[in-house]
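Now, the feature entries from Swiss-Prot:
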BINDING   Ser110, Leu111, Leu112, Pro113  (6S)-5,6,7,8-tetrahydrofolate binding site
Amino acid sequence: MTNIVFMGTPAFAAPILEGIIENGYNVLAVVTQPDRPVGRKRVLHASPVKEVALKYGIKVFQPVKLSGSDEMQEIIDLQPDLIVTAAYGQFLPTKLIESVKIAAINVHGSLLPKYRGGAPVQYSIMNGDDKTGVTIIYMVKKMDAGDMLAQAELKIESTDDTGTIFEKMSILGRDVLLETLPKIISGNVEAVKQDENKVVFSPNIKPEEEILHLNLEAKEIDWKTRALRPAPGAYFKNFKGKRTKLWSIKPLEEKTEFAPGYVVNVDKHELKVSAYNGTVYSIIELQPAGKQKMDITSYLNGVGQGLKIGQRIIEDEE
């Protein structure tokens with residue numbers, strides 16, 4: 001029986017862990033991020049991966065910092081055949097990677113070498129890509145740079161956001177991993193080097209990247225709102241005087257002479273706004289600061305009452 005240590009944290013990784021367990025591999029331990037405080041009462045919540053581990057009675061390690069920790073030495077002492085990682089959230093020290101009997105492998109959420117880093121799904125949507133996927137790689141010291149062992153594509157639909165892509169990708173990642181594991185264990189896997197000339201990075205989203213600007217076309221505003229949904233959300237700093245998140249919009253075919261940020265058309269159930277380069281979009285769902293999410297009808301009947309065609313409602317500065 002192959003002994004595995006699994007390392008992962010979010011919902012994306014949970015079906016992958018469960019698939020490994022259900023397919024007869026012996027999971028010696030699970031390593032995940034520490035429980036996080038959630039909500040106004042700051043109640044500690046276990047990661048989705050920890051919940052799976054507890055369900056199956058598997059030992060859990062949650063080091064604040066893995067490198068140099070007592071937990072890392074305990075993991076090494078388990079002498080696993082494989083380490084499998086999926087969105088764990090910390091770098092793996094070389095000492096740990098090199099301690100395994102067969103290999104340390106990673107399930108990465110992109111078509112490598114495109115989008116190395118912590119936010120591959122967000123960047124694929126934000127850049128308007130029509131596909132993404134998963135890649136199984138050997139783990140090396142350099143981030144997401146190991147040889148590729150398997151890869152599978154996933155279509156990005158016009159309605160997809162980061163949440164829906166992660167849901168689909170977790171199942172795809174599970175299936176591709178389970179198909180590839182026997183080849184890795186037997187030594188019959190073909191390892192393909194990544195083309196360093198085609199590397200694109202996708203670092204974690206910074207707070208300033210959540211801001212929507214008036215130099216974006218309607219389709220780019222759509223890409224960004226979907227990339228940052230369900231969290232943290234994309235926002236204009238000054239939308240009718242308030243910081244306002246746009247949760248859902250629809251880019252339209254029509255064009256306008258208005259500069260970006262003006263009301264192109266408004267009635268009881270629709271608000272069309274001008275964007276860069278004469279493009280236009282319709283707002284479907286939004287959230288002014290201090291308010292709950294609301295559909296556009298609720299907004300126009302409340303906070304947004306009295307808007308008129310030709311009125312400027314968005315500015316780049318607060």
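Positions of Cβ are set from backbone N, Cα and C atoms, glycine also.
In sequence order, Thr135, Ile137, Asp144, Met148, Gln151, Gln194 make up the list of same-chain residues 6 or more apart from Leu112 ((6S)-5,6,7,8-tetrahydrofolate binding site) whose Cβ falls under 8 Å from its Cβ. Within the same chain, residues at least 6 positions away in sequence whose Cβ sits under 8 Å from that of Leu111 ((6S)-5,6,7,8-tetrahydrofolate binding site) are Lys131, Thr132, Gly133, Thr135, Gln151, Glu153.
In sequence order, Arg116, Pro120, Val121, Ser124, Thr132, Gly133, Val134, Thr135, Ser202 constitute the residues six or more apart from Ser110 ((6S)-5,6,7,8-tetrahydrofolate binding site) in its chain with CB-CB distances below 8 Å.
Residues Ser110, Leu111, Leu112, Pro113 make up the record's (6S)-5,6,7,8-tetrahydrofolate site, and a Cβ search at 8 Å around their centroid adds His108, Lys114, Tyr115, Arg116, Pro120, Gly133, Thr135, Asp144, Gln151, Gln194, Val200 from the same chain.
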